Amino acid sequence: MYCTHLRMLQLVVMATLWVTPVRAGTHCRYGCRLNNMTITVEREDCHGSITITTCAGLCETTDLNYQSTWLPRSQGACNFKEWSYEEVYLEGCPPGANPFFIPVAKSCDCIKCKTDNTDCDRISMATPSCVVNPLEM
């Protein structure tokens, strides 16, 4: 009888641990999402700062301890799902200056990391996770 209850408890704990990371990811503050960012733009005739909407955040990544041909590694990168170019004029530009055309994110998604246009390096283990919010420390 005792062994049966112990076995059942082990199964419940294992099931809980299996589901926990999936549920934690859906409420993570560091997940892939739209984010406002201020950048500096310049050219010969003018320069200044603008605020754009871009994608930022962490994506789930699978990195196995062993190499396998039937279990591929996948590394997601937070990137634009839908975007468009917006015309931006800077205050410091002379009258009649050509505008800047800036890509602006409309929605974001975790997609397979494309090394031709994305930095796919791993993030340091010192990076805050969903469990620890640096603002609450």
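Just so it is clear, glycine is given a Cβ too, placed from its N, Cα and C backbone atoms.
Fair warning: this is a prediction, and the values are worked out from it, not measured in the lab.
Record features (Swiss-Prot):
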{"type": "DISULFID", "residues": "C32-C78", "note": "disulfide bond"}
{"type": "DISULFID", "residues": "C46-C93", "note": "disulfide bond"}
{"type": "DISULFID", "residues": "C55-C108", "note": "disulfide bond"}
{"type": "DISULFID", "residues": "C59-C110", "note": "disulfide bond"}
{"type": "DISULFID", "residues": "C113-C120", "note": "disulfide bond"}
{"type": "CARBOHYD", "residues": "N36", "note": "N-linked glycosylation site"}
{"type": "SIGNAL", "residues": "1-24", "note": "signal peptide"}
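Reported as a whole number, the C-alpha separation between C32 (disulfide bond) and C108 (disulfide bond) equals 7 Å. If you take the CA of C59 (disulfide bond) and look 10 A around it, the recorded positions you hit from N36, C46, C78, C93, C108 are C78. Summary: among the disulfide-bonded residues (C32, C55, C78, C108, C113), the fewest other C-beta atoms within 10 A of the C-beta are counted at C113. Comparing CA positions across the recorded positions N36, C46, C78, C93, the one lying closest to C108 (disulfide bond) turns out to be C78. According to DSSP, C113 (disulfide bond) sits in a coil region rather than a helix or strand.
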